[in-house]
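Engineer: Below are the features listed in TrEMBL for this protein:
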- 6-150: domain 'Flavodoxin-like' (DOMAIN)
- 59-62, 97-106, Asp132: FMN binding site (BINDING)
- 204-443: domain 'FAD-binding FR-type' (DOMAIN)
- Arg347, Arg379, Ser380, Phe381, Ser382, Gly413, Leu414, Cys415, Ser416: FAD binding site (BINDING)
- Thr457, Ser512, Arg513, Lys518, Val519, Tyr520, Val521, Gln522: NADP(+) binding site (BINDING)
Amino acid sequence: MSEPGVLVLYGSQTGSAQDTAHRIGRQARKRRLPVRVFPLDDYNVASLISESLVVFVCSTAGQGDPPDNMKIFWRFVFRKSLPASSLSRLDCAVLGLGDSSYPKFNFVAKKLHKRLVQLGARMLLPVGLSDDQHDLGSDAVIDPWLASFWQKVSALYPSLAGVIPMREDELLPPTYTFHFLDDVEEKTDDRLRIPTESTLPSQARPFPARLVSNRRVTDASHFQDVRLVEFDITASNIEFAAGDVVVMPPCNSPEDVQQLCQLLRLDPAAMFTLKATDCSVVPATLPQPCTIRHLVERHLDIAAVPRRSFFELLSTFASNETEKQKLLEFSSAGGQDELHSYCNRPRRTALEVLADFPHTTAEIKVHYLLDLFPTIQPRSFSIASSLQVHPHRLQILVAVVRYKTKMYKLRRGLCSTWLASLDPAQGDVFVPLWVKKGSLKFPKPKDTPVVMVGPGTGVAPFRSALQERMSEGKHANVLFFGCRSESKDFYFRSDWEDMMKTGHLTLFTAFSREQEEKVYVQDRVRENAAILWDLIANKHACFYIAGNAKEMPTGVCDALKEVFQQQGGVSSEEASQMLETMERTGQIQHSVTQLKSTDDQHDRPLHSLHCGRLTDDPLDPDDIIASTLRHEVLQAAAEVLPHSLSLFSQVRLGFV
């Protein structure tokens, strides 16, 4: 039997799988086991044949896709040339993080588990399939799964029986140590340096794009601020096609940066270098040396709703008994409902939690900052322009997220609020960004029609597609667009009108609040059944859906099945089969993110939120009004509380 040790490999898109992987790493250290934790694509996959114990933690992105940081691994492990006994020496387990409201729930974890078995690996226990939709969140599966995993590890390594583990409240060494420097000038952020080499921009080396314009496109009286933002990408080597997305890391607000520095008594101008205490690598996105201001502003996600792991680490600093007991409760499996009520429902930020626990916050050591706060995750936006029409330019449509909870302070989306604050009229503004392939693929043949359904800001990728297709002489285009009001949020109206004048676009609109009975895009799909049947059945049109995934995608698909039944004379079952076939062959494609009942920590592409759940697109205003009414009493109560009330004062007064 080899020496005990654990390798934890993760594929994470929004940070949840990464957080869970590091949680497993901490549990291993407290059992005094050697452990390494890496993103899958940072690990040399060829070395897997010599490993003895590996835990794979992975989420599922998009329509059953692997996360970005495990795609290289994914392609390698599914090579047909790999021998069936490749991993016969490996003991392993797979833990998936998913959401059962998606059709391909935990698809990546299931498929990886099956593939590892095919390659001869011995699975210590069944694949773990955590579900965000569970009443207790993903931990309802993760907690018992991890308990079973450690039991299996103990059985696998009998020598561990004599090892005395660390106490739960015992503080682990930090991952990094800070070494502060004197008389060192701050370097210019390399991310804001125009590269001289001809490399393709990436997360490791983003391109600093100059902000050209930042214009509100909704009427001033409209409830939501939606922006058309344009960047200059000259000399970037960036190329993109319709359906691709642009990715950018946002910054924390100056007010939040200042508050954290005050809470932790940090000098924002202090310069430091980082040194790893184990096999970890210093984050490539942090310059060396670096200032505290840069670290807090661009790296630490202090405005996110903190996860359970935040409270676990915070509890180890606590010496105040009242605060410690509360933190331990929030860290426990049995305290997750309390944590959800305290943190998730009101969308309380990590910064606000620190203010609620002043005694514990005063004891936080600077070396633990990168263990306590996750890294700010980059945000993705559908590109709303084509290089064929706007050379050297890239445009996005951004709905600025603002909403109320029972917290006194208005909740804001980090990235959308940051973007909205940038003003090129005040001087040059540069935003580090890169481009990646999106999920929508448009047909190459000129005679293949496309039908696009994109209500709200979901129309952004279709503007890119239409500009691109018309420049290529592809004129069979149909667009279904929906919004609240023709005069307030009819995005790109002049563009559509110009395209219609040339006869290259057929447009159907649904303005939901312009008549007594609400009308949505799925209603327009039903009304134009004959046209759609001819396009799909006779001309093999491709059908695309993008936008808010609350009810719209299902509604559109149901309407399409009615079209098949009405015009094609098929049964309900046959219509469903037709739809499934079209989805399997790519004739129907979706670019939507469904509503989540738990926190994803980020404003997603095209940023929207409803009752603490994130989506791709601005919500139906009636939903926001209803949400506001539900919170009205709590909001009024919160406003009369002194801003400085601690959590425990609020508990005593019955407001938490």
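Backbone N, Cα and C atoms are what each Cβ position is placed from, and that goes for glycine too.
Annotations in TrEMBL come from automatic prediction, not curation.
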Engineer: Compile a sequence-ordered list of residues in the same chain as Pro103 (FMN binding site), six or more apart from it, whose Cβ lies below 8 A from its Cβ; state 'none' when nothing qualifies.
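Structural biologist: Result: Gln63, Gly64.
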Engineer: Would you mind pulling the longest C-alpha to C-alpha span across Arg347, Arg379, Ser380, Phe381, Ser382, Gly413, Leu414, Cys415, Ser416, which the record has binding FAD, in angstrom?
Structural biologist: 26
Engineer: Pull the DSSP breakdown for the domain 'Flavodoxin-like' (6-150) and write it out as helix, strand, coil residue counts.
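Structural biologist: Across the domain 'Flavodoxin-like' (6-150), DSSP assigns the residues as follows: 58 helix, 34 strand, 53 coil.
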Engineer: Between Ser59, Ser101, Ser512, which of the binding-site residues has the fewest other CB atoms within 10 angstroms in the structure shown?
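Structural biologist: Among the binding-site residues Ser59, Ser101, Ser512, the lowest count of other Cβ atoms within 10 Å belongs to Ser101.
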Engineer: Express in Å, rounded to the nearest integer, the largest CA to CA distance found among the NADP(+)-binding residues Thr457, Ser512, Arg513, Lys518, Val519, Tyr520, Val521, Gln522 named in the record.
Structural biologist: 19
Engineer: Taking the binding-site residues one at a time (Ala61, Leu97, Leu414, Val519), which has its Cβ surrounded by the most other Cβ atoms within 10 Å?
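Structural biologist: Neighbour-count leader: Leu97.
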Engineer: Take the C-alpha atoms of Arg347 (FAD binding site) and Val521 (NADP(+) binding site) and report the distance between them in angstrom, rounded.
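Structural biologist: With distance taken Cα to Cα, Val521 (NADP(+) binding site) is 32 Å from Arg347 (FAD binding site).
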Engineer: What does the structure give for the C-alpha distance between Val521 (NADP(+) binding site) and Ser382 (FAD binding site)? Integer Å is fine.
Structural biologist: 20
Engineer: In angstrom units, rounded to an integer, how far apart are the Cα atoms of Ser512 (NADP(+) binding site) and Ser59 (FMN binding site)?
Structural biologist: 36
Engineer: Please work out the mean pLDDT for the residues of the domain 'FAD-binding FR-type' (204-443).
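Structural biologist: Here the mean pLDDT over the domain 'FAD-binding FR-type' (204-443) amounts to 94.
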Engineer: Go through Arg347, Arg513, Lys518, our binding-site residues, and report the one whose Cβ sees the most other Cβ atoms within 10 Å.
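Structural biologist: Sorting the candidates by Cβ neighbours within 10 Å, the top entry is Arg347.
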Engineer: Using C-alpha atoms only, work out the spacing between Thr457 (NADP(+) binding site) and Ser380 (FAD binding site) and round it to an integer in Å.
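Structural biologist: That comes out at 14 Å between the alpha carbons.
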Engineer: Quick check for the class: what is the C-alpha distance, in angstrom and rounded, between Tyr520 (NADP(+) binding site) and Leu414 (FAD binding site)?
Structural biologist: 30
